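Asker: One structure follows; several queries about it will come next.
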Amino acid sequence: MPFLQISLLSIGVAADAFACSVVRGTAIQVNLFKRALVLAGIFGVFQAAMPLIGWFIGRFFAGITFIAEIDHWIAFALLGIVGTKMIWDAFQPEDDETIVDDGRVQFRPAIILGLATSIDALAVGMGLAFVEVSILKVALSMGSITFALSLAGAWIGHHGGGKFGKWATILGGIILIGIGANIVYEHLSA
């Protein structure tokens, strides 16, 4: 998988974490850098670990002969489902949850959000088990891009940019669907 495709895939799966960081950033009133760094670190670690876990699960099933014949369709379906769900979720009404800022780093909510926003990376990792790719490069790219975008998202949210999260999620969904379609196209044109 080329570098550009890995980068786009990483941006696509990082969109949910970016959106959550923007929302969390709107509530941060003190200790912005420290709290944004912790949030971005947690999101980055989850986004790096989950595709590895998914890849190992996918590789377990990749050896089954009939799956090898349809592997490109599996990758397309997983990426398409995750991308479509991201777009769908972006148009759903938001909860009117008010986040109270007590000035402390809140690890538990960050870990829950990190897990929730990385489920798509798990599915992507499963799909990538069926194509030729260096999963370590993908995992490092996903983790580092998620870290950077989450850090930026918290800063943007803190400075009044709460509306960016929705559009980032939509763009991320479109990117994932496009990469899935490209996998099928490359297989069918080979």
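Including glycine, each Cβ sits where the backbone N, Cα and C put it.
Remember, it's a predicted structure, so these values are computed and weren't measured experimentally.
Per Swiss-Prot, transmembrane segment is recorded for 3-23, 37-57, 72-88, 111-131, 138-158, 164-184.
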Asker: Considering pairs 6 or more residues apart, do the transmembrane segment (164-184) and the transmembrane segment (3-23) have at least three CB pairs under 8 Å?
Answerer: yes
Asker: Which range wins on Cβ pairs under 8 Å with the transmembrane segment (138-158): 37-57, 72-88, 111-131?
Answerer: 37-57
